[in-house]
Amino acid sequence: MTSIATAITPQGHQNTSSQDNIKQEFVAVNNMAFGEDHCKAVDPPLELSITTSVITILLTIITLPGNLFICVAMAKDPNKNLRTSFNYLLLNIAVSDLIIGTVTDPLVVYFHIREGLGYKVSSFVVPHMSFFIGCTASLLSIAMLAIERSIAANSNFHRRLTKNRVTIMSMVIWVFSVAFPCMYFKIGYLKMSFVFSILMLVVTSVIVMTFIRIFSNIRRNKVAPQTSEVDDSTAKMRLKRTECERRVTSIFRAILIFYTICSVPALIFIFIVNICSTCSCQLIHWSRDFIQLCVLINCCGNQFLYAWRMRCFTRAFKALVKQRVTKQEGSTAYFSNTAERS
């Protein structure tokens, strides 16, 4: 098995003949049942292990530091303008992506490298749980972003979720995200991935319908500024705030579109590994790895859709770097003065 659904039991290189491999694959395909892993006795292609390892290494290099920087920026908030209800929900996405980048990605790399070296594999828990926890939290956070944007758009951007409500909802999201994947211990990885795909379909459908409603409200409420209002400071502030909220909504739209692009192939591969009874074990192995890669690519790309596009985040990043440089220069000057005095 090539996916994060595997752990290593070192048994050296397998010298199975091609005839035995074909026989095992034939038996596996004919015994295929829903959610059962009948291809674990069939070795995955070496090129698949290498490809998955290389891609995941690149994704880890991007996912881990980027989302860690976002979390640090939110925690320190150097310019005192990051702690809005929308940004708190973005923080949930950053934390879920950070879990994937810190736990899941490195373990995927480790096990695929060992797998490529010919070690036999057996089921394990930590990458599974981190994978499902991160995915569930990310999905529910996007759903909460849809609710937040819907409330703002319905009120013509005069109302939004309070920080206290967002905090409570975030706690609920993480409690559910930890509790929901626990059924994995009962039903296993493949069936759990199928259950998660159903949750993904339901929640994503609701999110898309909510976004359509948001977009229609924005178009309906869009009013061009009147000439008599140009010099009115209140009208200017209102228009500025409305434009800002529309930019925020466009960021949410980008997150939703990218999530959908990554999720649709993952759903197809999940259905293949769970339902397809005539698929070869080679296709099953490739599908398992592509499920992971689709999700890992989504976790890697999210940061570029919001943090690196929002001025409040980019200014916070610059301020943090500037503080770091200033602190280092101060330390260097202090030690230089101390050396001169001595």
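Even glycines carry a Cβ here, placed using N, Cα and C.
Just so you know, TrEMBL annotations never went through curation; they're auto-generated.
Look at TrEMBL and you will find 54-75 (among others) tagged as transmembrane segment.
Positions annotated as domain 'G-protein coupled receptors family 1 profile' by TrEMBL: 66-306. In the predicted model, the domain 'G-protein coupled receptors family 1 profile' (66-306) shows an average pLDDT of 85.
Annotated transmembrane segment per TrEMBL: 87-113 (among others), in sequence order.
What TrEMBL lists as transmembrane segment is 125-147 (among others).
Long-range contacts of the transmembrane segment (168-187) within the same chain, counting only residues at least 6 positions beyond its ends with a Cβ under 8 Å from a Cβ of the stretch, are 35, 88-89, 91-92, 96, 125, 128-129, 132-134, 136-137, 140-141, 144, 161, 195-196, 199. Here TrEMBL flags 168-187 (among others) as transmembrane segment.
According to TrEMBL, the transmembrane segment annotation covers 193-212 (among others).
Residues or ranges marked as transmembrane segment in TrEMBL: 251-273 (among others).
Within the same chain, residues 93, 138, 142, 145-146, 149, 190, 193-194, 196-197, 200-201, 204, 207-208, 211, 215, 279, 283-284, 287-288, 290-291, 294-295, 297-298, 301-302, 305-306, 309-310 sit at least 6 positions outside the transmembrane segment (251-273) and bring their C-beta atoms closer than 8 Å to a C-beta of that stretch.
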